[in-house]
Amino acid sequence: MAAPKVAVVGAGVVGLSTALCVADAFPACALAVLAERFTPSTTSDVAAGMLIPHTAPGTPIHVQKQWFKETFTYLFAISNSAEASEAGVHLVSGWQVFKSTPGEELPFWSDIVLGFRTMSEAELQKFPQHRYGQAFTTLKCDCPPYLLWMEKRLKAKGVQMYTRKVENLWELHSEYNIVVNCAGIGAHQLVGDQQLFPVRGQVLKVHAPWVKNFVRDGDGLTYIYPGISSVTLGGTREKESWSLSPDPSTTKDIFGRCCSLEPSLQAAQEVKVQVGLRPSRANVRLQREVWSQGGAKLLVVHNYGHGSGGFSMHRGTAKEAAQLVGECIAALQDSSSRAKL
């Protein structure tokens, strides 16, 4: 049969990494990425890109751990290469602090990040309102450099990039054999997924080059994540809010909360305020389906619904999605050979 035509819908961190995994595993495919928006206008561009996983209630812990481990290993290799600067991937050390000792003192990812340990009394003096803390080194992907780096690698492999708003996956059935849905929050409308809902996040990017360590409050709401060119201050978790307009009072609140953790931020200069909608559901949707209509067929693979864990597990879920694409290719070849009989 002719080389299978595969389209990946979505160009955020999940879409581009899935396209890369498909291109690596199946170089004979004719592969395209279709998206209404590319960097710097994706939801991923708002994210801080820190590898600190959030536990997803509907996914077994061992699966989440495997996704995180694959992502961490992949990015650690990039951070250790000559491409680290261009890719915007770097190690960052810091603290996660708690007002009271958490029930689970050892998170599932503690043996994957580097040097995980309980903070000393002396370190905790930096955070007088907190009683317990964890110190570790993890990875951070700066956006848009990381997305641009992936786009460049895809183009070098001959993958086509098209700016296109896809209204319905079925509209692609005459052009592609397999469609991979990495539409993030767009899947709510694209495939009518009622289990998917937005969790609105507002962040503040500031210029504060003296801040070298990350600080994250254990409740996950307040965080300070230093990047290559700016520091990301957050944040909010507003369920079911679709508003993409920054709220000035929220900006003030975020800045105040972050200054209470790191008083030196009072001297920081604001660069910009951004809002993104995390594509949240009880579990990541990773599955394949066969769509058929009037005798025509379309093979569909879904990979979306990562919530606030997109960066922490993007490579792990992309590899799994690529395996599902492989199953689709095998099914196409099987039906093609049967047709010849």
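Placed from the backbone N, Cα and C atoms, the Cβ positions cover glycine too.
Automatic prediction, not curation, is the source of TrEMBL annotations.
Sequence annotations record features per position, and here TrEMBL assigns FAD binding site to Thr43, Ser44, Val166. Listed in sequence order, the residues of the same chain lying 6 or more apart from Thr43 (FAD binding site) and placing their CB within less than 8 Å of its CB are Gly12, Gly184, Ile185, Gly276, Leu277, Arg278, Pro279.
Within 10 Å of the C-beta atom of Arg278 (D-dopa binding site) sit 24 other C-beta atoms, taking all shown protein chains into account. Feature annotation from TrEMBL assigns D-dopa binding site to Tyr223, Arg278.
On the 0 to 100 pLDDT scale, the domain 'FAD dependent oxidoreductase' (5-324) averages 96 in the predicted structure. Under the heading domain 'FAD dependent oxidoreductase', TrEMBL lists 5-324.
As annotated by TrEMBL, signal peptide applies to 1-19.
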Distant-in-sequence neighbours of the signal peptide (1-19), which means Cβ under 8 A and at least six residues beyond its ends: 26, 28-35, 37-39, 42-44, 47, 49, 141, 143, 146-147, 150-151, 154, 159, 161, 166, 169, 172, 175-184, 186, 190, 303-304, 306, 310-311, 314-315, 317-318, 321-322, 325, 328-329, 332-333, 336-337
Cβ packing number for Tyr223 (D-dopa binding site), 10 Å threshold: 24
Ser44, Val166 as binding-site residues, winner by CB count within 10 A: Ser44
Nearest-integer angstrom distance between the alpha carbons (Cα) of Tyr223 (D-dopa binding site) and Ser44 (FAD binding site): 17
